[in-house]
Amino acid sequence: MNRHLQTLVQVLRSLSAMAPRKLWLGGAALAALTVLMGMALLGLSGWFITATAIAGLVPAVALVFDVFMPSAGIRLLAVGRTGARYAERLVTHDATLAVLAALREKLFRSWSKPQAARLLLQRPARLLQRLTSDVDALDNLYLRLLVPAISALGAAVLLALAYGLMRWWLGLLALVWLLLAGWGIALWHGLRGRKAAVRRAMALEAMRAQTVDLVAGQTDLLMAGRLQAQVQQVLKSDARGAAADAQIYQTEAAAVKAYGAVSAITLSASMLLMAWLVEQGHINAPVAALGILLALSAMEPFAALRRGAAEAGRTWLAVRRLAPALVAEEKTTQALSEPADCAVLLRQVQLLNLGPVSLKIHAGERVALIGASGAGKTTLLNVMAGELPVQSGTVQAQASSWMTQRTELFQDSLQANLRLANPQATDEQLWAALEAAGLKADVMALPQGLESMLGEGGLGLSGGQARRLALARLLLSSAPCWLLDEVTEGLDAATAADVLQRLQRAAEGRALIFATHWQREAALAERIVQLQSGRVVSEARRGSPEFEQALACLRPDVLELPQQLLQPLPQATPVFSH
């Protein structure tokens with residue numbers, strides 16, 4: 001099977017699983033039923049008008065002519081067509097909206113996996129394009145391509161059956177002509193406009209990226225004298241998009257003319273054929289009128305394919321971009337096969353500049369990872385969190401929550417930011433977490449409390465408040481292992497000491513793994529593990545001279561830590577030998 005066709009089939013299967021099958025099939029069936037009823041309504045009306053006109057020429061025939069059954073059929077088809085159209089719009093849009101909602105959730109989950117989010121965040125315009133334009137483009141597959149194609153097939157079959165009752169070869173000819181001409185024009189339209197649609201999508205993405213850079217970096221651009229140059233780049237991308245639009249419109253205009261020509265040919269041919277059949281005595285005039293009007297209405301659903309064909313290039317580009325995330329299988333974290341007292345187990349782990357590293361951390365143990373910048377501390381935390389796949393070795397870890405050096409807050413309410421760690425958390429649990437983090441009084445002082453809105457990146461909070469909010473969010477997590485990367489970086493000594501005190505109280509019974517340059521953070525540890533060039537070079541336990549020497553090598557604090565943080569802690573189980 002062709003690779004592109006295989007990709008399309010996989011995406012369609014993935015999309016079909018996001019909504020009940022009865023919605024997909026029901027929507028397509030209702031759309032086809034609407035078209036068939038419309039054709040039957042027009043054909044029956046033409047037959048009825050012609051038959052009554054002829055019957056009126058002879059009084060005796062007019063007296064016995066049954067006008068009630070045809071008129072009842074016309075009313076039934078008219079009401080049925082209206083009801084089918086309403087139901088079709090309701091069902092197809094219900095299916096489409098359900099799929100779009102599930103699609104965005106699946107994409108978000110997929111891009112939250114290791115490395116995916118980091119790569120996309122380096123180009124936020126690309127992420128925006130995927131979540132908006134590319135997702136919206138996929139609704140063309142069902143609403144503007146599959147549904148109209150099925151409706152057009154139904155119209156061709158109905159015309160073929162009607163003509164086949166007159167002459168079998170006439171029905172076959174009508175079916176072949178409609179499918180070749182109707183679908184052929186749509187295929188030609190899609191192929192011819194594909195490159196222009198792709199250029200338009202690429203120009204729109206480039207314009208978004210350049211606009212994001214312009215807005216976010218306007219101060220730097222102005223200071224560097226590059227503001228006008230950046231504006232010109234945005235305008236050039238806009239011009240490329242406009243040029244692609246013009247080509248798309250030209251192609252669509254050509255498709256409109258082609259469908260018009262096919263409709264004219266179909267109508268002319270049907271008139272000639274019906275006249276010939278009447279002349280030969282095979283049919284009467286009312287039946288000829290029915291056949292002509294059926295042919296006239298048969299091209300309408302094919303013309304509806306035009307809009308979907310115009311967007312086919314953009315839709316195919318979206319399929320190619322989103323296919324890896326859509327067809328990827330959900331992978332679960334590897335279960336920990338070690339005893340219950342083990343939180344993290346690394347065996348000969350190696351990737352990039354890290355390793356090989358073997359390390360065992362027991363449940364409830366507190367370990368500080370120290371070393372110069374670039375030694376591999378953050379990389380090791382990424383491995384423990386499952387954010388980075390390893391090249392060799394094995395990683396086994398309990399579920400963990402990660403408090404990174406940079407506080408990640410979203411432009412949303414305080415409670416929404418907190419519930420990222422626990423969506424089912426009650427307001428009472430949120431307030432308890434805020435109190436444990438030392439932020440309850442500050443939040444209560446806000447006019448809207450938990451519903452107070454934050455700006456982008458947590459705008460509206462000080463650095464210390466943002467850090468406490470991140471701590472409160474961590475406290476809502478039930479994960480048995482907490483990973484902490486420079487948690488007090490950028491905080492003053494008093495705030496840092498308070499945050500660490502609260503963290504120590506809340507982490508009772510959990511494994512704590514620090515990556516740090518500070519004495520104040522490493523002082524919480526029972527064991528210090530030193531990294532150098534991606535390898536573990538030494539380990540020291542609390543109470544040993546090596547522990548004090550390692551602690552003394554770290555960055556001191558101007559404020560002395562509370563003595564309760566420095567009290568000896570129980571010894572942990574021996575570690576691997578290296």
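Glycine residues also receive a Cβ, built from the backbone N, Cα and C atoms like all the rest.
TrEMBL labels come from automatic prediction, so no person has curated them.
Quick caveat, the model's predicted, so the values are computed rather than measured.
Taken from TrEMBL, the feature domain 'ABC transmembrane type-1' covers 25-314.
The annotation domain 'ABC transporter' is assigned in TrEMBL to 327-558.
What TrEMBL records for 23-41 (among others) is transmembrane segment.
Summarising the annotation, TrEMBL assigns transmembrane segment to 47-68 (among others).
As annotated by TrEMBL, transmembrane segment applies to 141-162 (among others). Within the chain, the transmembrane segment (141-162) has long-range Cβ neighbours (under 8 A, six or more residues past its boundaries) at 11-12, 15, 24, 27-28, 31-32, 34-36, 39-40, 43, 92-93, 95-96, 99, 171-172, 174-175, 178-179, 182-183, 186, 290-291, 294-295, 297-298, 300-302, 304-305, 307-309, 311-312, 315, 319.
Long-range contacts of the transmembrane segment (168-191) within the same chain: residues 149, 152-153, 155-157, 159-162, 251-252, 254-255, 258-259, 262, 266, 273, 295, 298-299, 302, 305-306, 308-310, 312-313, each at least 6 residues beyond the stretch ends and with a Cβ under 8 Å from a Cβ of the stretch. Here TrEMBL flags 168-191 (among others) as transmembrane segment.
Annotation comment: TrEMBL describes 258-277 (among others) as transmembrane segment. Sequence-distant contacts of the transmembrane segment (258-277), counting only residues of its own chain at least 6 positions beyond either end whose CB sits under 8 Å from a CB of the stretch, comprise 166-167, 170, 177-178, 181-182, 185, 188-189, 283, 288-289, 291-292, 294-296, 298-299, 302-303, 306.
Summarising the annotation, TrEMBL assigns transmembrane segment to 283-305 (among others).
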For the domain 'ABC transporter' (327-558), the mean pLDDT of the predicted model:
83
